[in-house]
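A.B. asks: Following this message is one structure expressed as structure tokens.
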Amino acid sequence: MLRRLLERPCTLALLVGSQLAVMMYLSLGGFRSLSALFGRDQGPTFDYSHPRDVYSNLSHLPGAPGGPPAPQGLPYCPERSPLLVGPVSVSFSPVPSLAEIVERNPRVEPGGRYRPAGCEPRSRTAIIVPHRAREHHLRLLLYHLHPFLQRQQLAYGIYVIHQAGNGTFNRAKLLNVGVREALRDEEWDCLFLHDVDLLPENDHNLYVCDPRGPRHVAVAMNKFGYSLPYPQYFGGVSALTPDQYLKMNGFPNEYWGWGGEDDDIATRVRLAGMKISRPPTSVGHYKMVKHRGDKGNEENPHRFDLLVRTQNSWTQDGMNSLTYQLLARELGPLYTNITADIGTDPRGPRAPSGPRYPPGSSQAFRQEMLQRRPPARPGPPPTANHTALRGSH
């Protein structure tokens, strides 16, 4: 009965009307009052009016650029890196060249890999960035993110997942491709799913996962008045362990175009028996690069119809139904480029094609990934944001 109710046109109209009402409220400046209503933890106080240069303190990193690999048996890196500076400046102009970014990051290895030289990192984090036709945004992100992560003393790698062709953009499916390909390379502790146009403003926002559940990291974007737009928002930048990602069957593959997938993902977290955690609002600051609407990423007219079916579709639509054709894998000086044909919207003239990953069921794929996980390392586990992942929300 409930299912029939959700599929009625009047119900969809109500959902559309509700979203329009919320958007109107937020556009009139309601973000801060909404944040207060939901009691978001503001966290420690930072002075964002006097940010430091994003390349500050890199001269204090141990080890010479391009030096030999770090010896075995090093002590763990401190939970809170002494190199952190807090708020960092974010500039969108001029856009740096790739050569300039390479020159300023001599410790970054091919494929966008980095590992601290003087201590054992507490987390191995893969940054996965869906991408198409945003070259300026990508260069800004790489210029900003590499020094940001090095100061946190993490082992990390950056993966840029490029959607081939001119079909409708599918952010969530590209993230599934990125997770699949990143886990072929290494047993990452943490998967950071990162929009290309968001730059972090505070290096106390640690790029590590919360073992208790998925983290939504971009809690305070300038686009939304540096407040969380609504409690279940999960867009922009999020972090999950591989086990958490597989437990919710990854992200949906059927959201072609803009909108809807973030709410679907938040629902998956709940249906998989997990809760979203967040850093304090004062820590999770991000600036969005200004841009016009993307051709091929128009508003998804089917998003509400898909959302009302999430409760029944999430176990069938995700990593266990992922299809794509890997066209290229290139180790660039700043990132690993993955180019994939993910097909087109099945409501269009051609359905997705390519090899199926995995060849078996979702249980078989999950078992494969779990078997690839290494035994627990001795010593303290990776630590989440030192300002405390304050409770679940």
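Glycine residues also receive a Cβ, built from the backbone N, Cα and C atoms like all the rest.
Under the heading topological domain 'Cytoplasmic', Swiss-Prot lists 1-10. For 11-31, the entry in Swiss-Prot reads transmembrane segment. Taken from Swiss-Prot, the feature topological domain 'Lumenal' applies to 32-393. What Swiss-Prot records for ASN57, ASN166, ASN337, ASN385 is N-linked glycosylation site, and it gives sequence analysis as the kind of evidence. According to Swiss-Prot, the feature disulfide bond maps to CYS77-CYS119, CYS190-CYS209, an assignment based on similarity to another entry. According to Swiss-Prot, the feature UDP-alpha-D-galactose binding site maps to 130-134, 169-171, 196-197, TYR226, TRP258, 291-293, an assignment based on similarity to another entry. The annotation Mn(2+) binding site is assigned in Swiss-Prot to ASP197, HIS291. Residues or ranges marked as N-acetyl-D-glucosamine binding site in Swiss-Prot: GLY260, GLU261, ASP262, ASP263, ARG303. The annotation region 'Disordered' is assigned in Swiss-Prot to 339-393.
Help me see these features in their spatial surroundings.
C.D. replies: Residues within less than 8 Å, Cβ to Cβ, of ASN57 (N-linked glycosylation site) and separated from it by at least 6 positions along the same chain comprise LEU83, VAL85, ARG151.
Counting Cβ atoms from all protein chains shown, CYS77 (disulfide bond) has 20 others lying within 10 Å of its own Cβ.
DSSP classifies ARG134 (UDP-alpha-D-galactose binding site) as coil under the three-state reduction.
In the three-state DSSP classification, CYS190 (disulfide bond) falls within a strand.
DSSP assigns ASP197 (Mn(2+) binding site) to coil, not to a helix or a strand.
Counting every protein chain shown, 26 other Cβ atoms lie within 10 Å of the Cβ of GLU261 (N-acetyl-D-glucosamine binding site).
Look at ASN337 (N-linked glycosylation site): DSSP puts it in a strand. Listed in sequence order, the residues of the same chain lying 6 or more apart from ASN337 (N-linked glycosylation site) and placing their CB within less than 8 Å of its CB are VAL160, HIS162, ALA328, ARG329, GLU330.
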A.B. asks: Measuring Cα to Cα, how many angstrom lie between CYS209 (disulfide bond) and ASP262 (N-acetyl-D-glucosamine binding site)?
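C.D. replies: So the Cα of ASP262 (N-acetyl-D-glucosamine binding site) lies 18 Å away from that of CYS209 (disulfide bond).
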A.B. asks: Which chain-mates of ASP262 (N-acetyl-D-glucosamine binding site) that are at least 6 residues away have a CB under 8 A from its CB, listed by sequence?
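C.D. replies: In sequence order, TYR233, PHE234, GLY235 meet the Cβ cut-off.
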A.B. asks: Near ARG134 (UDP-alpha-D-galactose binding site), which of the recorded positions CYS77, ASN166, CYS190, ASP197, GLU261, ASP263 can be found within 10 Å, Cα to Cα?
C.D. replies: ASP197
A.B. asks: Is any of the binding-site residues ARG132, ASP197, ASP263 within 10 Å of ASN166 (N-linked glycosylation site) (Cα-Cα), and if so, which, in sequence order?
C.D. replies: ARG132
